[in-house]
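What follows is a set of notes on a single structure, which appears directly below.
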Amino acid sequence: MFSGSIPALVTPFRDGAFDEKAFRRLVDWQIENGSSALVPCGTTGEASTLSNAEHHRVIEVCVEQAAGRVPVIAGCGSNDTMNALLHMNFSKKCGAQAALCVAPYYNRPSQAGIIAHFSYLAEHNDLPIVLYNVPGRTVTDILPETVCELAKRYPDKIIGIKDASGDLSRVTDHRMGIGKHFCQLSGDDELALPANAAGAVGCISVTANVAPRLCADFQAACAANDLEKARELNDKLYPLHYAMFEDASPGPVKYALSRVFADINEDLRLPMVPCNEAARKAVDAALVHAGLLELA
């Protein structure tokens, strides 16, 4: 089971190309600062702007650089089931420990279609699957009854969920419908504390890109049932959680990384553009609040 602070890693670019050297340094920095697993090629990693060859190279580099120190949950989502399987096949071959598979987006399948999609993936690859529910982006909601059906149908294949629905009742729905063994990970940093209280065991995090040690310590406090410490760390991180979405993501998180980690610049791929001035001010203020930046 995966648990703790799991960054949804940014994909660094330089002059329009994947900056492999910066990414390797980011992987090392994350592991050195307590991240318990890594997710390349998720939403924050701008996976939708990567060619398949680039997508696979990012996963491959992440697995190589992690070198078994922490597990890699490879972003394998697609609204084309065969393309999702292609990503899973590559990820399995290169040594990833699991696949993060988002609900098919844009084509808006029914719940029956969602079940068919994930069933096909589970039946045609041995890589464990973490479902990813983010209806605000996909316009498709993996309903609790669908999650429960999939988890019961494929108990060794569909092992968990990253839920970014914003609905905290889902954690209890899944826990009661499937059991404690089902790995529930928050997909919303600002809801990680109440999600953990309800039965989640960690967070696939945007903020952890920038504040890996604080996020890891926060998750450790939750796991130890040290509510006072968890609240203290959550309060430190709270403004940063919201600053990461002050403008279209991942613009703010790349700006924040450029402030605290010299190897990462703000380069994004169109249609994403660098964050606006208001977002920069919010990020700077949040970094100061978290003790990660001193302004002159």
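Numbering starts at 1 and runs along the chain as displayed.
Positions of Cβ are set from backbone N, Cα and C atoms, glycine also.
Not measured: the values here are computed from a predicted model.
Here is what Swiss-Prot records for this protein:
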- Thr43: site 'Part of a proton relay during catalysis' (SITE)
- Thr44, Ile204: pyruvate binding site (BINDING)
- Tyr106: site 'Part of a proton relay during catalysis' (SITE)
- Tyr132: active site, proton donor/acceptor (ACT_SITE)
- Lys162: active site, schiff-base intermediate with substrate (ACT_SITE)
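What Swiss-Prot annotates, mapped onto the structure for a quick look.
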{"residue": "Thr43", "record": "site 'Part of a proton relay during catalysis'", "contacts (Cβ under 8 Å, 6+ apart)": "Ala8, Val102, Val134, Arg137, Ser249, Pro250"}
{"residue": "Thr44", "record": "pyruvate binding site", "contacts (Cβ under 8 Å, 6+ apart)": "Ala8, Leu9, Val10, Val206, Asn209, Ser249, Pro250, Val253"}
{"residue": "Tyr106", "record": "site 'Part of a proton relay during catalysis'", "contacts (Cβ under 8 Å, 6+ apart)": "Asn79, Thr138, Val139"}
{"residue": "Tyr132", "record": "active site, proton donor/acceptor", "contacts (Cβ under 8 Å, 6+ apart)": "Gly42, Gly77, Leu100, Cys101, Val102, Ala103, Ile161, Lys162, Ala164, Gly187"}
{"residue": "Ile204", "record": "pyruvate binding site", "contacts (Cβ under 8 Å, 6+ apart)": "Ile6, Pro7, Ala8, Val39, Gly42, Ile73, Leu100, Lys162, Leu185, Ser186, Gly187"}
The residue listed as 'active site, schiff-base intermediate with substrate', number of other Cβ atoms within 10 Å: 28
Where Thr44 (pyruvate binding site) falls in three-state DSSP terms: coil
Per DSSP, three-state class assigned to Ile204 (pyruvate binding site): strand
